[in-house]
């Protein structure tokens, strides 16, 4: 696949905010996709002054690894909470462009609508690629939620400024929840179902585990 940004890299903070507002206006929050046969885990981290992105494509629902790519790109945007897409997305887009298989769904290690301006990396990547996308984060960026039952699959809305922006989801009993939010072309309820379908015996979905292992260890867990 050959995704590309509809805006230049880099941008300054003022431009970044305008871009986020424009992307947010394009986010589709209902189910708008065909059959999902492949799902890609997306993760990005930092090495010195570079962003390192890893993407692993898994068959769905078997979760067998089919394709992967890594990309490194010089960081040109400052570290500002709420604007990390502008540091990470260029490298992720490079990795996506290197794939042999175009995934049917992106599952990002980060947020979608659960973001101060409702435009986390899952929204950014979903709109730029026009692929259905989900944010599945390890911690809260914005919002709060009610206590969550200690039962696999239990979830409760994540609310911010009187708006439901995502969900706290218990993937396993006895572990901290993950935080699921809409990225693009997927409803929140469906996003939760996809995350649970990608969870095996660990807290995190296999998409996240595979991309994180590829980025940090250079291998995909079996």
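Cβ atoms are placed via backbone N, Cα and C, with glycine included.
If you check Swiss-Prot, you get these features:
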- 43, 109: Mg(2+) binding site (BINDING)
- 79: site 'Interaction with target DNA' (SITE)
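Feature map: Swiss-Prot annotations on the structure.
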residue	record	DSSP class
43	Mg(2+) binding site	strand
79	site 'Interaction with target DNA'	coil
109	Mg(2+) binding site	coil
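Residue 109 (Mg(2+) binding site) and residue 79 (site 'Interaction with target DNA') have their C-alpha atoms 18 Å apart, to the nearest angstrom. With respect to their backbone Cα atoms, residue 43 (Mg(2+) binding site) and residue 79 (site 'Interaction with target DNA') stand 17 Å from each other. Neighbours of residue 79 (site 'Interaction with target DNA'), defined as other CB atoms within 10 A of its CB across all chains, total 9.
A 10 Å cutoff on Cβ-Cβ distances gives residue 43 (Mg(2+) binding site) a total of 27 other Cβ atoms nearby, all chains included.
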